[in-house]
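Per TrEMBL, these features apply:
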ACT_SITE  ASP392  active site
ACT_SITE  ASP779  active site
BINDING   SER356, LYS362, GLU363, ASP392, LYS533  UDP-alpha-D-glucose binding site
BINDING   LYS534, ASP558  Mn(2+) binding site
COMPBIAS  124-136  compositional bias 'Basic and acidic residues'
COMPBIAS  155-165  compositional bias 'Polar residues'
DOMAIN    29-105  domain 'Cellulose synthase RING-type zinc finger'
REGION    115-192  region 'Disordered'
REGION    663-689  region 'Disordered'
TRANSMEM  856-877  transmembrane segment
TRANSMEM  889-907  transmembrane segment
TRANSMEM  927-949  transmembrane segment
TRANSMEM  970-998  transmembrane segment
TRANSMEM  1010-1028  transmembrane segment
TRANSMEM  1040-1060  transmembrane segment
Amino acid sequence: MEASSGLVAGSYRRNELVRIRHESDGGSKPLKNMDREICKICGDHAGLTETGDLFVACNECAFPVCRPCYEYERKDGTQCCPNCKTRYRRLRGYPRVEGDEDEDDIDDIENEFSYAQGANKPRRREEFSSSSRHESQPIPLLTHGHAVSGEIRTPDTQSVRTTSGPLGPGDRNAISSPYIDPRQPVPVRIVDPSKDLNSYGLGNVDWKERVEGWKLKQEKNMLQMTGKYHEGKGGEIEGTGSNGEELQMADDSRLPMSRIVPIPPSHLTPYRVVIILRLIILGFFLQYRTTHPVKDAYPLWLTSVICEIWFAFSWLLDQFPKWYPINRETYLDRLALRFDRDGEPSQLTPVDVFVSTVDPLKEPPLVTANTVLSILAVDYPVDKVACYVSDDGAAMLTFESLSETAEFAKKWVPFCKKFSIEPRAPEFYFQQKIDYLKDKIQPSFVKERRAMKREYEEFKVRINALVAKAQKIPEEGWTMQDGTPWPGNNTRDHPGMIQVFLGHSGGLDTDGNELPRLIYVSREKRPGFQHHKKAGAMNALIRVSAVLTNGAYLLNVDCDHYFNNSKAIKEAMCFLMDPAYGKKCCYVQFPQRFDGIDLHDRYANRNIVFFDINLKGLDGIQGPVYVGTGCCFNRQALYGYDPVLTEEDLQPNIIVKSCCGSRKKGKNSKKYNSYDQKRRGISRSDSNAPLFNMDDIDEGFEGYDDDRSILMSQKSVEKRFGQSPVFIAATFMEQGGIPPTTNPATLLKEAIHVISCGYEDKTEWGKEIGWIYGSVTEDILTGFKMHARGWMSIYCNPPRPAFKGSAPINLSDRLNQVLRWALGSIEILLSRHCPIWYGYTGRLRLLERLAYINTIVYPITALPLIAYCILPAFCLITDKFIIPEISNYASIWFILLFISIAVTGILELRWSGVSIEDWWRNEQFWVIGGTSAHLFAVFQGLLKVLAGIDTNFTVTSKASDEDGDFAELYIFKWTALLIPPTTVLVVNLIGIVAGVSYAVNSGYQSWGPLFGKLFFALWVIAHLYPFLKGLLGRQNRTPTIVIVWSVLLASIFSLLWVRINPFVSVTPEANPNAVPGGVF
């Protein structure tokens, strides 16, 4: 799909397709079909077995490897398949190596060793005659499997094969074969036949020494294996010389592209011990609290005990998913060695990036433009990146601003790549208060930076002019530059729209290079159709991107989250393209980091505790939850396919495995072949099982020669994915790319078709595939469905944050954001996808399930929390307490509980690196949100689910701070969410006054019990202190309406409590005329 100069709009239901301006379409090049008979290591033919069958080294994935490479890998290599990392089994006729298991089915004693056992014993068939050895046993090369060139002749007429091999400067992955007869010519692979062999080091002293040293090492290994090792040839002799660095690079390219960095045991072991001790102490504490009621204040005591039991349950749900925290680090250099070598075509997988926006007035076009510019300038091959902008509001302002952004990108992208600047969002790059000349050595940098800053300022002025123009909507609606009415004038009734701004034919940048594709998409909307808000928009992007570019991976960001790290996609590819993770990883989640937050983070906008503690803990189980942005998906996982699981993953006892870990199998353990694994994956009875497994996917779509076509009929495919042949064909392309059978001329029509409003009818979109519908927090549901199928996710936290965004620093906006999150959790709690009862026949691990349960039940904590926060005031007003007089023995459990809580927090901060200030801010906002937004979410969720009363989706404002530093922080915006926490504050202040007054009137003996009650009340007020500062604002004044409502409610509760006086049981003997009263 090439870039165009016109907008395409249409409606599949109305059979309309309008091209407002002329554009030319083009097709994508088909994928190349790889020859399966070519060894992916050295490039030679894989060869045949004695029976004439194709030689297969790995029985798990059938990765093409020839005999010499197989033997070398087992003897001197990693002994594992380069593709699936499964250990090679010993085949008949090959020597046994260390680590081989006893196999009853291979009775091959005569071939236990690779070389002759004695002078009279026959040699193995691999030891050919000297005249043919160099032809049939070339040097195995651990390369990435590119095709090689032909043959040349050396001056001594010895045959030398050519390829990008160990001797050429272009290939650093060179490792020799196990054995070469020194009497035979050494087969050498080079890159360019026209070059002089001396330029490769052939025949020089350095190369000869290296080869001789290597020969001695191989001879030593041979003698050790046969038990005839002689002292005269002892010692490790390593190859030396300038080419040794290339051998090291060869090893680097085979190493994993990431690794797990475990938490030091000195940090983690005490943490776990304290958790267990805290659990034991908590049990004794609750046992004491439930068996020692306060007789003169029974309702008060009962309320407190119920709250404490719920808090204990909530703590368990939050604590144990953090039992296995881990860190990860990536190796971008190894990714480059394997898939992105200099001077060679990049083998990196295509990625489609999604940007979602709705309202340009709440999500300023300049913010969206910066996000798009950072995507277009990302450090990734331009032909492998496509940026899709979803405009769910069909706003012409968004369309016009994107057009301006595309033009400015032609100047901005080459500037970023020339000088390697970070970040690549111009607004945030130019406002950095750092030394921008650091590490810059180009003389022209200062001049070009000054010119680019001026260009950006002019760009901002043009965007601001568009925003100012959009403030007043014409009565007849908007019209485009050519006079055509804007198709999206009616935001609730408009056709689907697609505009390709940049691409292969969409114009070059100022340096004459291509730019990534930039595509504007606005899905069709008609009255009477459910559109499912953001989830529906993202599913439309999945389909339209599959038709136009079909990247194997998808990365979604909010319109205000720009790429702070230009290598963010490569960071994700270190996991998704790693053979050890790629087939099992559904997404890579990056943490959210924010700009423009006040120094002290008053309302815990950074959410450091969640991202640096909770998600790290989940990363050690089955992976972090999906948080809605900054996430790179495996497209096949979004299609509802099962992951390719190993035998270990298919163990039936998921609960034991998730809690205790897996055990290493012994030599005689039962082994499953690949067919058995397929059968087990397909025969799952879970309702969320896909119609076919990823294990059954074969390359290509033409011919339908894979197992998918057997498992699914055409009708079942259409029922699942919808009636679009082009899109269905794209789903078969596991590695991405447009199917070869696709006609480029039909792409636009199919793209309009798949974003039509009725396309999802009677399909599984939003139910089993794509973003899942049913909650305003579609991210939780989507990630949960993937994990329930057995997928794992990965938490990637690079040193330089991958993405940065804006957060609502205003109190009211922040509470409304938390309200939306909590409301989505309540919707999931009351739906069929609730983690409490959904997916037990799947592969969701126990601790991961506990984390999801905690994610959806946390709003309910608002009910006991607000009750517990009011208890101190009631205790002070009535001179009662929730705890009876305790003995010295009982006081020990109280002291131990408080100590365990403190030590747990300290040790958690120790292994996570979170500061105590961030931890305290999180605790404070937990109380603030629990007494306001979470409380409202519980009642709104019940009304929505039980009574069908829907709530409006509120888009969080992302306006930039243009009136000064943190001006939004001090602006007061009225919302009913402010009333409950203000009431709690006022009630506790009244209680403190009443308690102190009572102590003054009662004498010295009442001051002792008063301190405990005062500490309880002051602890609540300390948690609500940021809320109090937000009410006062910069002018130190609170709005009258908040004061009136809060004081009125507090007074009513206080007077009613004193009037009822429920904790005094009046006996007839004390007052015969009294009427029994109280709560009970």
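Any Cβ shown, glycine's included, is placed from N, Cα and C.
Those TrEMBL annotations? Automatic predictions, nothing curated.
Locations of recorded TrEMBL features on the structure.
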{"residue": "SER356", "record": "UDP-alpha-D-glucose binding site", "Cβ neighbours (10 Å)": "21"}
{"residue": "LYS362", "record": "UDP-alpha-D-glucose binding site", "Cβ neighbours (10 Å)": "14"}
{"residue": "GLU363", "record": "UDP-alpha-D-glucose binding site", "Cβ neighbours (10 Å)": "25"}
{"residue": "ASP392", "record": "active site", "Cβ neighbours (10 Å)": "23"}
{"residue": "LYS533", "record": "UDP-alpha-D-glucose binding site", "Cβ neighbours (10 Å)": "16"}
{"residue": "LYS534", "record": "Mn(2+) binding site", "Cβ neighbours (10 Å)": "22"}
{"residue": "ASP558", "record": "Mn(2+) binding site", "Cβ neighbours (10 Å)": "24"}
{"residue": "ASP779", "record": "active site", "Cβ neighbours (10 Å)": "24"}
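Annotation: ASP392, LYS534, ASP558 are the recorded positions among ASP392, LYS534, ASP558, ASP779 whose CA atoms are within 10 angstroms of the CA of SER356 (UDP-alpha-D-glucose binding site). Between the farthest pair of Cα atoms in the UDP-alpha-D-glucose binding residues (SER356, LYS362, GLU363, ASP392, LYS533), the distance is 16 Å. Beyond its flanks by at least six residues, the transmembrane segment (889-907) meets 267, 270-271, 274-275, 277-278, 281-282, 284-285, 288, 292, 319, 919 of its own chain at Cβ-Cβ distances under 8 Å. With respect to their backbone Cα atoms, ASP558 (Mn(2+) binding site) and ASP392 (active site) stand 13 Å from each other. GLU363 (UDP-alpha-D-glucose binding site) sits 12 Å from ASP392 (active site), counting Cα to Cα. Within the chain, the transmembrane segment (1010-1028) has long-range Cβ neighbours (under 8 A, six or more residues past its boundaries) at 602-603, 811, 869, 871-873, 875-876, 881, 921, 923-928, 931, 981-982, 984-985, 988-989, 991-992, 995-996, 998-999. A straight line from the CA of LYS533 (UDP-alpha-D-glucose binding site) to the CA of ASP779 (active site) spans 12 Å. The shortest Cα-Cα distance between LYS362 (UDP-alpha-D-glucose binding site) and any of the recorded positions ASP392, LYS534, ASP779 is the one to ASP392. Separating the Cα atoms of ASP392 (active site) and LYS534 (Mn(2+) binding site) is a whole-number distance of 8 Å.
Between the CA atoms of ASP779 (active site) and LYS534 (Mn(2+) binding site) there is a gap of 10 Å, rounded to the nearest whole number. Broken down by DSSP into helix, strand and coil, the domain 'Cellulose synthase RING-type zinc finger' (29-105) contains 9 helix, 6 strand, 62 coil. Classification of GLU363 (UDP-alpha-D-glucose binding site) by DSSP places it in coil, neither helical nor stranded.
Secondary structure at SER356 (UDP-alpha-D-glucose binding site), as computed by DSSP, is strand.
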